[in-house]
Structures are given as C-alpha cells and as structure tokens.
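Down below is the structure, laid out as structure tokens.
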Amino acid sequence: MMIELSITGTNAITFPHLEVWDWRIVFYLFLGGLSAGILVMCSIANLRIPKQPVEELAQCVRAPLIAFIVLAVGALFIILDLGSPLHLVWGYLTFQPLSLMSWGTWGVPAVLFANALYILAVIPKEQRHRLKLPLLIKLSEKLALRMRPIAKLNFALGIFLGIYTGVLLSSFAAIPLWNNATLPILFLVSALSSGAAMVVIIAKKAEIKFLFTKIDIWLIVAELVVIALFFYGLYTSTAPYKKAIAPFFSLTSEHFIFTLALIAIFLLLPLALRIKLGELKEFEDGLHAEFTKAQIFRMNFAAILVIAGTLILRAAIVYAGQLTKLSAY
Amino acid sequence: MPKYVMVIDVERCIGCMACVIACKKENGVADGYFRTRVVEEVRGEFPNLRMELRSELCNHCENAPCIDACPTRASHRAKDGTVQIDKKKCIGCKACILACPYDARYSTPEGVADKCTFCEHRLKEGRKPACVETCLGKSRIFGDLDDPNSEVSQLLKKHEATVRLEFAGTSPRVFYINKKFAGGL
Ligand code: SF4
Ligand code: SF4
C-alpha cells in the first residue's frame with residue numbers, strides 16, 4: 001500500500017526528524033562520562049590498600065584534578081547548549097525527581113564539590129605550599145585525614161555521574177533508540193572504561209598503569225557485550241524499536257555514517273583489547289619499575305583508542321536516536 | 001477543574017489551513033514556526049485511494065512526558081488542566097521537545113520551548129481557541145468533557161474516537177473522529 005504525506009505547518013527542528021541536541025550535548029555526555037570514569041578509577045586506586053598511614057595512601061593524586069577539569073568543561077558545553085542559561089536559577093529553586101535534567105542540574109555541581117574535596121585531600125604534603133592560601137592549606141591538611149571516606153564518596157558519585165546520562169537518554173519514551181534499559185549500563189561501562197584508559201595515560205607508577213590495564217580489559221569486554229545486547233534487544237522489539245537501529249546497518253543510505261561509526265567502534269575497542277592483552281603477557285613474569293618507550297607508547301595508544309571509541313559511541317547514539325520516532329513520520 | 005478537550009472531526013476538514021494561520025496570528029508565532037499543522041495523508045493503491053486531512057497539535061496529555069522531563073517546572077499543568085510553559089522559567093534545555101512523542105514542541109528564536117496553549121488567554125475570557133473559531137468546516141470542536149451537555153461530550157458519546165499513538169500511554173486530550181479512514185494517526 002502506498003502512503004503519501006504532505007504536511008502544512010512543520011517546524012524545522014522536529015521535521016523531518018528531531019534536530020534538538022547536537023555536538024555540544026555529545027561532548028557533555030562524553031566529558032561527563034570520562035570524568036565519572038576517572039573519579040571511580042582513582043578512588044579504586046586510593047582505596048585499594050587498606051592498612052597504610054593515610055598520608056601515604058593516595059596513589060593517584062593528579063586524577064581527581066583532571067576529573068574536575070574534564071567535568072567543568074563538560075558542564076560548560078551543556079550551558080552553551082541552553083537556549084536561556086540565565087533562567088538556570090529556576091532549576092536551583094526546585095528539584096523535580098522525575099526529570100533527569102533536574103538530577104543533572106543538582107548532580108553535576110555536587111560531584112564537582114565532592115571532587116574538589118578529593119583534590120585537596122590527596123595533595124601530597126610537600127606540594128601543599130602550592131595552594132598559596134593558608135585557609136586552603138589548612139583545609140587540605142584536615143581533609144587528608146579523611147581521604148578514605150572522601151574517596152568512597154567520589155566513587156559513589158562517579159557511578160552516579162556515569163550512569164545518569166544514560167538514564168537521561170533512556171527516559172525519553174518518544175525516542176525508540178534511547179528508550180531501553182541497556183543504554184544506562186552501556187554508558188556506565190564505557191564511561192568506566194574511558195576513565196580507566198585515562199588513568200593508564202596519566203599514571204606515572206608502573207604498578208598503577210598495570211592495575212588499570214587489567215581493569216580496562218574487563219571493562220572493554222563488558223562494553224562489547226553490552227553493545228551487542230543493546231542492538232539485539234532493539235532488533236527483537238516491536239516495529240519502532242526495530243526500525244530505530246536501521247541507520248547502523250544501512251550501507252547505501254545517507255545514514256552510512258552510522259554504519260561507519262559502528263564499524264569504528266568494533267575496530268577500535270577490540271584492537272585496544274588486543275594491545276592490552278599483549279601487555280598483560282609481557283608483564284607476566286613480574287613488573288619492572290621502568291617501562292620502555294615502546295611499552296609506554298603502546299599503553300597510551302590503546303588507551304586513546306578506548307577514549308575515541310567512547311566518544312564515537314556517544315555521538316552515534318545521540319545523532320541516530322534523533323532520527324527515530326514512535327510515530328510513522 | 002474543567003477537562004478541556006478538542007475533538008477533530010477529520011471528515012469535515014476541507015484543508016483550507018485557516019487554522020494554521022489563525023493560530024500564528026493569534027499567538028504571534030515567529031516566522032518559520034507553527035503550533036498546529038495539517039497532515040494530508042493519502043493511502044491505498046490506485047484507483048482505490050483515500051485521503052485524510054488531519055489537524056495535529058499539542059494533545060495536552062493527561063500523562064504528559066514533557067512535564068516530567070522539565071527540570072525547572074516551566075512545563076506544568078495549569079489550573080485549568082491544560083499543559084502550559086512558563087517562559088520565565090524555561091532554560092531552553094529542549095528535554096521536553098525530545099520527550100513529546102507528537103513533535104508538538106519547538107524552540108523559539110528567544111531560546112525557550114513553545115507549543116499550543118489551547119489559547120489559554122482566550123479560555124480565560126470564556127472564548128474558544130482561535131483555530132476552533134476560524135474553522136470553516138467545523139472540523140475542530142472544543143469544550144469541557146466534564147460537562148455532559150457540552151458539544152464535545154455529546155460527540156464523544158455518539159462516535160468512537162481515537163487518539164494519536166495511544167500505546168505511548170500519554171492519554172491525549174485531542175480526539176479524532178473518522179469512520180472511513182483505516183490507518184493514520
Ligand atoms: S502533546 Fe507533547 S507537548 Fe503536548 S502535552 Fe503531550 S507530550 Fe506534552
Ligand atoms: S526546554 Fe524549558 S520547558 Fe522544556 S524541559 Fe527545558 S526548561 Fe522545561
């Protein structure tokens with residue numbers, strides 16, 4: 001049967017498909033996830049050894065600072081996307097439990113605050129003088145004694161930050177590609193994986209690099225499995241959901257870019273996985289305090305592949321999602 | 001609280017688009033934007049073709065996902081039961097536009113969300129929405145469903161009506177009557 005539509009009175013922002021969230025949101029989702037992952041991973045590093053004097057406990061000292069900067073830049077991107085950022089004050093005069101946007105409005109500053117405490121708590125003694133302000137130095141001394149609970153708090157908030165963006169997208173029942181429960185898990189796992197990759201890049205200690213290489217192997221495997229489940233779940237669902245994954249599997253249409261994105265993800269992540277498995281083998285006979293240049297290059301390269309995969313994944317899902325609708329047009 | 005609904009008798013629409021223009025004029029809708037549209041849908045195999053002219057607008061849903069999505073309560077249910085946007089409070093995050101399964105919303109050039117208000121300002125004066133008042137074929141009918149004597153109550157009692165995307169669970173307050181056209185919506 002033929003169906004022909006002509007519509008008088010359409011808005012360009014919604015027809016022929018939604019063009020509501022663009023690259024700014026992609027960067028926000030990416031940077032938010034990356035920051036979440038870094039926070040969780042450095043908390044793991046700092047909480048790992050239970051019985052050590054608090055002062056020597058912090059293993060990962062630059063990561064919280066990097067997480068803070070990454071999230072602050074991410075938040076800037078979302079503010080850039082707001083049509084009326086000056087009205088934001090209204091967001092802080094209320095909390096709407098059903099609105100994931102509201103969770104973000106309150107959640108991001110809360111994470112930044114806890115993150116700032118973490119930065120102060122892990123500053124090594126000999127570096128504290130760089131804080132300049134006597135008040136901050138004192139605060140840092142005090143917080144250092146509470147490093148463990150602060151790390152635990154940041155771990156929890158990192159998980160919150162990593163999963164909430166996925167829940168945000170999945171809460172839109174009008175957008176079939178997003179509206180499913182696998183998406184928050186996918187976002188969380190890929191955020192954690194990119195965080196682990198980032199810690200591998202910035203860590204100086206051989207022991208920390210190796211620990212997070214091992215962690216990232218599991219996270220990449222989990223991510224690949226969840227991506228497959230994500231597509232399979234939509235494929236076996238009802239018509240609008242089945243249709244939603246079409247852009248990812250069309251070689252001829254204008255949506256070829258999404259197929260490319262999918263291929264890229266499935267190339268980058270397994271490649272990173274292979275490199276990481278290679279590293280694992282190499283260090284089987286015990287860790288050396290020093291890495292060779294080639295080893296460092298390989299680790300960083302695999303980590304960059306993982307981070308690029310995370311960005312591509314988010315961009316593809318944000319854009320392809322907006323091509324999908326519950327209605328027929 | 002009244003229960004304002006719109007009934008659209010699809011067979012009475014003559015496709016003059018007066019409603020689309022009346023709405024723009026009444027509400028000062030910016031150039032290039034619309035709060036209501038008319039869909040012309042043709043189905044079938046030649047020569048057995050059937051056309052439906054169908055007005056679409058915000059459904060003032062009873063379970064409105066746009067309200068749930070809003071972080072500032074700019075999107076809210078007004079005292080008269082309709083779904084409204086308080087422009088002072090809107091931060092322009094566009095979450096409501098994504099949340100609406102009916103593509104009823106858009107972003108104004110000022111960066112805030114906007115959509116059909118059922119001509120809230122006219123309802124306050126006891127008048128009908130501009131699109132309803134201007135409708136030549138009397139295809140758009142408006143009234144209070146809680147009043148058993150209202151035209152809409154009578155119509156919905158007499159005819160079987162449908163809503164758009166019923167499975168989405170939003171409980172729209174815009175009802176469509178069309179006896180002959182299978183499909184659509
Ligand atoms: S039609 Fe869309 S904008 Fe209108 S109330 Fe329903 S969900 Fe909200
Ligand atoms: S765009 Fe405005 S009305 Fe819509 S959800 Fe955001 S703040 Fe609320």
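Just so it is clear, glycine is given a Cβ too, placed from its N, Cα and C backbone atoms.
Just so you know, TrEMBL annotations never went through curation; they're auto-generated.
As annotated by TrEMBL, transmembrane segment applies to A:25-49, A:61-80, A:100-123, A:155-175, A:181-203, A:215-235, A:255-273, A:301-321.
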Stretch contact, the transmembrane segment (A:25-49) with the transmembrane segment (A:255-273), Cβ-Cβ under 8 Å, 3+ pairs
no
May I ask whether the transmembrane segment (A:301-321) has at least three C-beta pairs under 8 Å with the transmembrane segment (A:61-80), counting pairs 6 or more apart in sequence?
no
Report, as numbers and ranges, every residue of the chain located at least six residues beyond the transmembrane segment (A:215-235) whose Cβ falls under 8 Å of a Cβ in that stretch; write 'none' if there are none.
41, 44, 176-177, 180, 182-183, 185-186, 189-190, 192-193, 196-197, 200, 241-242, 244-245, 248, 265-266, 269-270, 272-273, 276-277, 280, 303, 306, 313
